[in-house]
Amino acid sequence: MSLANLRTHYTAEVKPESVDNGQKITLAGWIHEVRDLGGICFVVLRDREGKAQVTLVKKKIDKELFDAARRLIRESVISVTGSVKFEEKAPNGYELLPEEIKVLNVAGSPLPMDTTGKVEAELDTRLDSRFIDLRRAETTAVFKIRHEALQAIREYFVKNKFIETATPKVVATATEGGTALFPITYFDREAFLNQSPQLFKQILMGGGFDRVFEIGPIFRAEEHDTRRHLNEATSIDVEVSFADHFDVMEILENLVAHIYTRVIENCKASLEILGVELKVPKTPFLKLTYDEVIEIVNSRCEEKMHWGDDLGTLGEHTVGNYVYETTGESHYFIIDWPTEIKPFYAMPYEDRPEFSKSFDMMHRTMELSSGAQRIHISELLKSRIESQGLNPDGFEFYLKAFEYGMPPHAGWGMGCERFVMTMLGTENIRDTVLFPRDRRRLSP
C-alpha cells in the first residue's frame, strides 16, 4: 500500500467549489475528540489545516466499524476514507461519512497535556511536551504566521534587488566585543558562536555585493531571564552600500508594512484562532531624537533619564505609550544616539561627533531593531575600536576589507521572534520559537 493513499485532501481543502457532495475522499490526522452518544458517534479528526467531523450512525454502518470508532483513543493517528456530506452545522461546513478507518498509530494514555483547550497548561509544561503542544490550534497558528512573515521578508528583499547570504556562525572573535559569547572547542582552538553577522555583512559591502540580507541564528550568552529574551534567536539582517541611516530606515519601515499586509491577506484563519486583529502600520514611522526621548521620559517618570543612558524597560513603555497616544501607531524610530553607547562601527556625525548616525526601531512595548550608517573609513574605525577598549589586532580580518575601497554603507538587524511577538501580542517570546533556548532550557 502506498502511503499516498492515506490522504487525498487536507481538512480545509474540502469545499463545495472543489469537492462534490457525496465524493469519496481520504483524510488523515489525529483524533481530536470522540463523542459517543449511543446511536451515533462523532470522531473529530484534526490535521495541520483544521478539523473535520467524522459521523457514524449505528443503524447505517457496519457494526464492527461503529464499535471500533467508539474505542478510538484521543491523539491516535488515523486515516479515514468516506463520502463528503456538506452540513453547515459541522466543523468546516461538512462531515465525512466513513467507509473505512485505519488506525496508523495508537497514542499512549494519559496524555502529558490537553490539546483541546479545555484544560490550560503552564508554559513550562507545554515546552516540556512540545510535541503535543504543537498540535494545539493556537500554537500551530503562531508558526503559520511566522512562516508567512518570513516568506514576506524574502519576497520583499528579492523584489528590491537584495542578495540572500549566509555568514559563519562559528567565529574566532566577538562581533561587538563584550563577554556575551558562548565558547566552543574548535579542534585545538577556542572559538565562539556568533552574536551577529555584522562584520561579515560589512565585508560583503567591500566585496561589491551592494544590497544583502540574511535570515539566520544568533547566539547571546546573556543571563537575562525575562519574557522577551532568548539565548538563541533568529535575526533578520540587512546591509546596503551607497546608503545612509535614513535610507535603511525607509527600507525597514516599508518591510514592516509589507509583512503586516501579507499576514493580513494570507493568515485570516490563524489570526481568527488567536483572536488577533491587525492593521498595517502607517509609513513613514515617527522619528524621535534621543534628546527628545529624554524629555518625554523625564516629563512622565519619577526615575530620571540622563544623557548617555540607555533606554530601559520603563522608558520603552513610557515613550511607546506617548507615541501611541499622539499618533495611534505602535512603531517608531529613535535616532541620533550618543556615539559612546552604540557599537564601534556606528558612524558619528561630522559636525557633532558625540552623536551617531544610528537608530532603533521601537514597538510600543520593546525594541525590535537596531541600525546605523557604518564607518567606512579605516583609520576612524580603528580609532573607535580602541576607544571601546578593544584590540584592533583581533579584528584584522575585518579591518583589512576597509583598506582597499570600502563604500559608504548602512544596515540594521531585527529579531524575528520579537517581531512576531509584538505583532501577535503574545505574552512570552518563547511562544514564537519552536524549541526555545534560554538560560534554563536546553531541551527539547
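Just so it is clear, glycine is given a Cβ too, placed from its N, Cα and C backbone atoms.
Owing to the predicted nature of the structure, the values given are computational and were not obtained by experimental measurement.
With ARG220, ALA221, GLU222, ARG228, HIS229, LEU230, GLY415, CYS416, GLU417, ARG418 listed by Swiss-Prot as binding ATP, the candidate from GLU272, GLU277, GLU367, GLU379 annotated for that site turns out to be GLU367. Listed ranges 106-109, 154-157, 198-201; the one Swiss-Prot annotates as region 'Aspartate' is 198-201. A gap of 24 Å separates the Cα atoms of ARG374 (L-aspartate binding site) and ARG418 (ATP binding site). Mean predicted confidence for the region 'Aspartate' (198-201): the pLDDT average there is 97.
Ranking the recorded positions PRO91, ARG220, SER370 by Cα distance from HIS229 (ATP binding site) puts ARG220 first. Across ARG220, ALA221, GLU222, ARG228, HIS229, LEU230, GLU367, GLY415, CYS416, GLU417, ARG418, which the record gives as binding ATP, the greatest C-alpha separation is 19 Å. Classification of ARG220 (L-aspartate binding site) by DSSP places it in coil, neither helical nor stranded. When the region 'Aspartate' (198-201) is classified with DSSP, helix, strand and coil residues number 4 helix, 0 strand, 0 coil. When the Cα atoms are compared, ARG418 (ATP binding site) and ARG220 (L-aspartate binding site) turn out to be 15 Å apart.
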